[in-house]
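**Q** Quick paste from TrEMBL:
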type	residues	note
TRANSMEM	6-27	transmembrane segment
TRANSMEM	78-95	transmembrane segment
TRANSMEM	116-133	transmembrane segment
DOMAIN	158-306	domain 'Palmitoyltransferase DHHC'
TRANSMEM	209-229	transmembrane segment
TRANSMEM	236-257	transmembrane segment
TRANSMEM	269-288	transmembrane segment
Amino acid sequence: MAVQWVLVCHGLITLLVLVSFLCGQWPIFQGTFIERIHVFLTFGAYDYFLRFVGAVFGSKGTNAILSVEYFCCDRPNPILQIIYLAILGGTYYFVAKSSFSYIPGYYLSGVHRYTSLLAVGIGVLLFLLTSFSDPGTVKAENVSQYISAYPYDNVIYSEKECSTCKIPKPARSKHCSICDRCVARFDHHCGWMNNCIGERNTGYFMAFLLWHFLLCIYGAVTIGLILAGRLKELRVVYILTVYYGVENSFLSLAPHVVQWLLASYNTQILLMVFLAIVSLLLAGFFSYHAKLCLTNTTTNETFKWQEYISWQGKINEAKASAAALKASINGMSTEGKPPESKWRAFFRKSPLEDVQVVKNNIYDKGFFHNLHEIIFPPSMRSSFLQSKSKSG
């Protein structure tokens, strides 16, 4: 029984660490212990580690760690790509080794031995397409076409030159400091892909997220059906009720069935829980990016709009406060005017309540147009290529 509890505790701790690390900064977790664990995992632990290295090895040790950090985080490198392939390959290996002997089974046919390999192969293909495709590099040869494709809104984007590339900077583009290039419709730099996510490969990236979510669901459900088939084939419920006198009800049978599964198929249980957790994380990440795509917004623009709205809000609040102060001074200097009722003054709306900044995204042109732009980026259309050849 101790082994089963160790497995349960292991699963719960793994879930807590994953959720805290990946989702701890979400507003819903603000002020909770999950946010504190996230801060420790992302900043605190590394800071304590640097201090420890500095105390033991001095400045040379600290500089060595910072050099590794620079290589891993600030320069293109394949570390996370290798980790992804190791996770995918290792998970498939353990699933095949622990579960393929039960296929075909009571609920599954033998075809799943091959469809699972095909599904993993498609996932790797989407990974390669996202990693090695051009995200939409802005060059001197195509900058005029990108400027035509993405007009300036003069709110978060205005006409300017990239200080690094020394070319005009199209709206929605950004110079990636890691890749050292300007990327059209820049979303973010993805370390897992070792590539930027931009105008030309956002579709591949979304397909990658969706497919891996479905792949994890497929794996978890398949293992669940294998375990359900083993229960049926070995007549576990029948044995518990007839030979051990357990009442034939869900509440009575569930603890005994779970105990039997954890004792006999602990590897499959761990794999199923792992796949279920990863599928939930992928579902959240995909949903977030799907919302951005369908409103024709990027992750980079989300931060820009937050900064702009915050800045405009402070300006409007300052103007409203100045107007309110001026009005109160004028009211005090006015003579012969009957005093305002205290009740009316109490219920009078404050000028600060009218302060609001509206987000006006000119690139959001409706559901179907936004979806079309993701599937068929402007730089892949014939009109873009023709204007490029004419300008050339």
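Glycine is treated like the rest: Cβ placed from N, Cα and C.
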**Q** Against the transmembrane segment (209-229), which of these stretches has the most C-beta pairs under 8 Å: 6-27, 78-95, 116-133?
**A** 116-133
**Q** For the transmembrane segment (116-133), what are the same-chain contacts with Cβ under 8 Å, counting residues 6+ beyond its ends?
**A** 81, 84-85, 88, 92, 95-96, 190, 193-195, 197, 200-201, 204-205, 207-208, 211-212, 215, 218-219, 222
**Q** Which sequence positions outside the transmembrane segment (6-27), separated from its termini by at least 6 residues, show Cβ-Cβ distances below 8 Å to it?
**A** 34-35, 37-39, 41-42, 262, 266, 269-270, 273-274, 277, 281, 284
**Q** Restricting attention to the domain 'Palmitoyltransferase DHHC' (158-306), give the mean pLDDT.
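**A** Here the mean pLDDT over the domain 'Palmitoyltransferase DHHC' (158-306) amounts to 93.
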